[in-house]
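Here's the structure, in structure tokens; my notes come after.
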Amino acid sequence: MRTLLTILAAGSLLAHITEDTSDLLQHVKFQSSNFENILTWDGRPESPPDTVYSVQYKTYGEEEWLEKEGCQRITQKSCNLTMETSNLTELYYARVTATDGAGRSATKMTNRFSSLQHTSIKPPDVTCIPKVRSIQMIVHPTYTPIRAQNGHQLTLENIFQDLLYHLKLRINHTYQMHLEGKQREFEFVGLTPDTEFLGTIMICIPNLFKESTPYMCRVKTLPDRTWTYSFSGAFLFSLGFLVAGLCYLSYRYITKPPPPPSSLNVQHILPFRPLQFIQEHTLIPVFDLSGSGGLAQPVQYSEVKVSNPTEPPGPPPRHSLPEIAYLGQPDLPVLRPSGGPPHQALPVLSYAPQAAPEGRPSSYAPQGALEAKPPSYTPQAVSETQLPSYTPRATPDNWPPSYGMCGEGSGRDSPPVTRSGPKHLGTKGQLQKEVPAGSCSPTGLSLQEVTPLAMEDPQEAKSSHQCLRVHTDSDSDSDTIGQREPGTRSSLKGQLPLLSSVQIEGHPGCLPLQTPSLPCSPTDKGPSPWGLLESLVCPSDEDPVSKTEAESPGLQAPDLESPTELDSLFRGLALTVQWES
């Protein structure tokens, strides 16, 4: 009986001691993340501070415990067993022994541990890059403390072949976008600019049903500044264009020649109106009047326009003035040449227009004749001190209208001109070269042609002027050549005072047209049909030959034997006169 009581007392005492020492160690276990294996434990709160801890480990299937260097009699409550448990295919055990200052000790062992199964995955390392309409996420590789046989440090991708990255993007907790894959770069596109998003990235291991702790990032897309760039580009372009324009204007201002001084502007003080040649025509006579066959040489004339000196330079405006066309009549006049010595060629003359009398009409308008009677113009005699004045009047039916044509001859034979018809002139019908300077037909008009210096041959310096006289059939025997006094100049009288003087370029002087002269015939009692110029004074008429002939007006050429028709000469020609007031 006494022995039984002793055994019960010893067992109760041993149980009490064991219960007291078990409070020295609590929660001994492995904590592994990304294959980093840490052994941790806890002690009781009232344990004395002088308690020390020792760690031992062993592989599953072995009986001997191995001490961990650096984890013997330590006061901290953790020990890193990563290198000792680095084999992913092995199972491990570990135990901890705690000893206090009173000499009491306690030992606890962990459960069986497999790093491949029990390790946890940490959140990945991700960089979020915001853009205007997208967010780019780059996942960095996660390295583990496990090393390969060659010493290279392994990553999670090297250990888990089926590792995936799962990404989520949320907008105000209402809208989500998902991306998943093994690549390390992802981008969410089609986002709203200047908007905040919440991104979540996790590592998933489907075979082990493992997921990492999610990595969360808040990112805001960039504001859309495209319009700002466009506006800036447009502004810079406009600024460059403005600078270029200013540079161009400055260049034009610097290189612009200065305006000429007003003292050089002599347009308002010129005593004449310059003649401007604006159009050039060609007259081609149909038949030769000199008796030889063949077509005549073409004659060129220019249309002359007088510019207003008070107006600025430039083409003066055209007035709506009527155009006068001279057409041939069915009845033809008789051509009566006048003989006389040839004159010398006129030098290049210079003409200046002068003001015409205000009382005279400013335009010439031919008056229509009666239907039964064609018009005929009869010259009237005027005095030297009075300008000629003509009035057209009707003539009897048997008087055909006459044409007057004046040309310039020379000492040589004139160019061949075709005869006007079957009643052509013989030897007497040809134009005589010796025509007095002032001789004209009784009913016609003499116009001495002035040839420019550029068109005149130097060998024609002694050429003379010829006057073709045209008579009607009824007046061919009764009319005579007018007498002129010595010293008077041959003149061309007309009805319309359009030009008072004429100036030709290259001649030093002016040819006035105001000097009145005697009529071509004492029988001039009517207006002249060629009265466009008031008077055309030729200085060359004062040569000795002209003066001698002027003193002897009785010298006349014999009358033509037969009349010559000139209708074919002017057929198809439309002569137009234009003038400006």
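Each Cβ is built from the backbone N, Cα and C atoms, and glycine gets one as well.
Bear in mind that the values here come from a model prediction, so they are computed numbers and not experimental data.
As annotated in Swiss-Prot, N-linked glycosylation site applies, among N80, N87, to N80. Of the cysteines C71, C204, C217, only one is given by Swiss-Prot as the disulfide partner of C128: C217.
Mean model confidence for the domain 'Fibronectin type-III 1' (18-115) is a pLDDT of 88. Across the structure, N80 (N-linked glycosylation site) and C71 (disulfide bond) place their CA atoms 9 angstrom apart. Non-local neighbourhood of C217 (disulfide bond): V126, C128, M137, L198, G199, I201, each in the same chain, at least six residues away, with C-beta under 8 Å from its C-beta. DSSP assigns C128 (disulfide bond) to a strand in the three-state reduction. When Cβ atoms from all protein chains are considered, those within 10 Å of C79 (disulfide bond) total 22, not counting its own.
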